[in-house]
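What TrEMBL says about this one:
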- 22-463: domain 'Amidase' (DOMAIN)
- 76: active site, charge relay system (ACT_SITE)
- 151: active site, charge relay system (ACT_SITE)
- 175: active site, acyl-ester intermediate (ACT_SITE)
Ligand code: GLN
């Protein structure tokens, strides 16, 4: 039963082949047996899951239908869940039980999804390896000595290991697409504003966006359907109708114009990954797509701009964790300053502290113009490059990451080398565009992802291309040995 996709689960539940309660019990037992190897969950919500599963079975017995009704999922542990620890992978929030549900959590629960638990993540979503979690590193099910990617690494590892059919993630600079690529999943970062950020603990508010991680594009369509939509509680949420994503999967790719930017194939890309990306391009050409060679000339400035803007926003967002209102508080503070200082020094790990320092520096008087303002100008240039490209092409294609998953600990002494792994993903966040990563093959037994980017609100187009590709390839069907 653990091999079933969301789409297959929906059919199985509708045909009464099994109940949501049976499925939930099977997966909880599997998690108890296998997750100690992976560390993909921070908190399991067994009681809540069984209660939701029984309620979903009762709703189905009353004639209700729905693709998510009774479907087990997990939530990245930065989506607030009422009464359940929401840690954001940090000691700072180890004792924090959210007093409300994030909009995404509430919407999925209303659609009948069953929450099995909260998944491990890089502390405050800062990272691309899932090594910065207070709860320890997550292991990649394809090779337990390697990272699963981050920051949604727990969601990715759990889905890749068939502990869950699908899970939520968030993507500020690649944290859905990159772990999807490194664990052989399909992951979608929606257009900025498509999915509500209300109740999603903020890292960099102008970049953060929640989205689905699953094995197939078909399943991403189902999960995104349950997550997307206008939310008056989030002032950056966009009041646009949500299309039927599953209905968009079957369009023909005949004549689809795919732009391949030359900057995506520059130095730094593992040539074996380049080869697999070229093979996936040929596959899409067979389906009728037309390839155009394009340029995104400002891409080289994306990493420096992102690593100013994201820490700047983080330094502001994380100022609320002061030891007073919620989260970690130091013992016996001498005075208020000591309380702030020690609570924050004890509660935040080294990567989070580094980002707060960089961000506060970039925003400080005298440096603002030199760093933050410049970075914002680069951001606009990057967006303009995409707008120019999308005058000529329907989607943009390239690798998701320059390398396959690295060994746990390999980049610990050099944070910048980890930042460079984001080179292909962060431009979509800077521009607010939707992006998807899907399986494209293996290098040394480790998965490789191909990334697709589309114009604003064209999630349906991304899912369509990915689904057609998956009907004609089998990379996404491979599962890691031992799971
Ligand atoms: N790796 C990037 C960072 O560390 C992106 C993380 C994310 O998307 N949450 O900031």
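Glycine residues also receive a Cβ, built from the backbone N, Cα and C atoms like all the rest.
Features as recorded by TrEMBL, highlighted on the structure.
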residue : record                               : DSSP class
76      : active site, charge relay system     : strand
151     : active site, charge relay system     : coil
175     : active site, acyl-ester intermediate : coil
Number of other Cβ atoms within 10 Å of the Cβ of the residue listed as 'active site, acyl-ester intermediate' across all protein chains: 36
Cβ neighbour count (within 10 Å, all chains shown) around residue 76 (active site, charge relay system): 31
Annotated active-site residues 76, 151, 175, filtered by Cβ under 6 Å to ligand 1: 151, 175
Residue 175 (active site, acyl-ester intermediate) to residue 76 (active site, charge relay system) - Cα separation in whole Å: 11
Residue 76 (active site, charge relay system) to residue 151 (active site, charge relay system) - Cα separation in whole Å: 9
Per-residue pLDDT averaged over the domain 'Amidase' (22-463), given as an integer: 97
Other CB atoms, at most 10 A from the CB of residue 151 (active site, charge relay system): 35
